[in-house]
Amino acid sequence: MHQRALLFSAFWTAVQAQQAGTLTAETHPSLTWQKCAAGGTCTEQKGSVVLDSNWRWLHSVDGSTNCYTGNTWDATLCPDNESCASNCALDGADYEGTYGVTTSGDALTLQFVTGANIGSRLYLMADDDESYQTFNLLNNEFTFDVDASKLPCGLNGAVYFVSMDADGGVAKYSTNKAGAKYGTGYCDSQCPRDLKFINGQANVEGWEPSDSDKNAGVGGHGSCCPEMDIWEANSISTAYTPHPCDDTAQTMCEGDTCGGTYSSERYAGTCDPDGCDFNAYRMGNESFYGPSKLVDSSSPVTVVTQFITADGTDSGALSEIKRFYVQGGKVIANAASNVDGVTGNSITADFCTAQKKAFGDDDIFAQHGGLQGMGNALSSMVLTLSIWDDHHSSMMWLDSSYPEDADATAPGVARGTCEPHAGDPEKVESQSGSATVTYSNIKYGPIGSTFDAPA
């Protein structure tokens, strides 16, 4: 996912300069959500959202000189990782004016392009306004409403969980003084190397500016952790996908050994970059999701995800990830697989094994722990809400046919109705900049507590 500007300040004064200078104060937009109890009683929680540090203005500690401009570091302020962390400070965010982020009650709206800014990624904050809200997903369910009607081919409105540190990495890394309050500490299963700071140090050493993304590049380090994609979607296609890693906590990786999207060898790292995805279209049910389909993406929909454990406890082994939709007052079960050799309408260990075999995919999911590995990470996850475009494969893996050179009629290749490269970033950024996604009515609680479950 694409980011803009990040700080892990090395001195207390760095963050103080940001807070006390003539720059923008950091005020988190409020966002309420509901915590539910068995039986369906839900209590409003007063939360907020924080913008990921990678989007923020990074400037000299004692002034306003850019440490990072476009996709290039300032050679004087950032000659190496350590010096850059000492010399550069993080600024607060004008959420609406600069980033197109607005909240109203329990609703969060993200605009794709606002001025020079492209996309955004935010995290739900705890009520202390200093740390990320964490969730134990085991034996619980997570529900939210989404309006993806304005997201065309090539855009992705994503709701997902990652194993970030709740404090943004402050306790582990003494040079990180900004912390969760400024959106630090991101990681995911791609072991992203486009992050400008990781583990309290800059990522300038080995940095290569992107040829296609005017704001991004790839550095010498990446940041890895398990990722549970609840909802990756536009108006054409949607998928939910667990991505396990060998470690349940955030770790830093080196160069191409990171694997994932940003490295020459995709499967070289300690995480599963592919995951075990359930995309109804890819599973042969082409009439399930989209405009005027069974789940009608032209209208808001409630998305329910349940994390079933083998023994029915909050510490049990993850055995199944179930999906329901609620729209027009009706509960809609997830689409059933229509692929030969693959049965079911939920993610289980058997489903994942059968799917990889049917599609001829390497079972990287199993190599990194499979469903059990994902379950091992679910006891403390941070909620991420974003909108982004894809400079690596134009989102074809979500809404078109992918791999691009594969036979589109072969099992697992077609993922949606978008034409190849309909989602090229240059095209969507110029033609669909006003696209928005709205997430609202977030609920979390025991199985069956956040919606009227079918008998």
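Just so you know, glycine gets a Cβ as well, placed from its N, Cα and C.
Keep in mind it's a predicted model, so treat the numbers as computed, not measured.
The annotation active site, nucleophile is assigned in Swiss-Prot to Glu227 on the grounds of similarity to another entry. The active site, proton donor annotation in Swiss-Prot covers Glu232 and rests on similarity to another entry. The N-linked glycosylation site feature in Swiss-Prot is assigned to Asn81, Asn285. Swiss-Prot lists 1-17 with the feature signal peptide.
Structure with Swiss-Prot features highlighted.
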| residue | record | Cβ contacts under 8 Å, 6 or more apart |
| --- | --- | --- |
| Asn81 | N-linked glycosylation site | Gln201, Ala202, Asn203, Val204, Glu205 |
| Glu227 | active site, nucleophile | Tyr160, Phe161, Val162, Ser163, Asp188, Ser189, Gln190, Pro242, His243, Cys271, Gly275 |
| Glu232 | active site, proton donor | Asn156, Gly157, Ala158, Tyr160, Thr238, Ala239, Tyr240, Thr241, Leu398 |
| Asn285 | N-linked glycosylation site | Ala335, Ala336, Ser337, Asn338 |
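Following the DSSP three-state reduction, the secondary structure of Glu232 (active site, proton donor) is strand. In the three-state DSSP scheme, Asn81 (N-linked glycosylation site) falls into the helix class.
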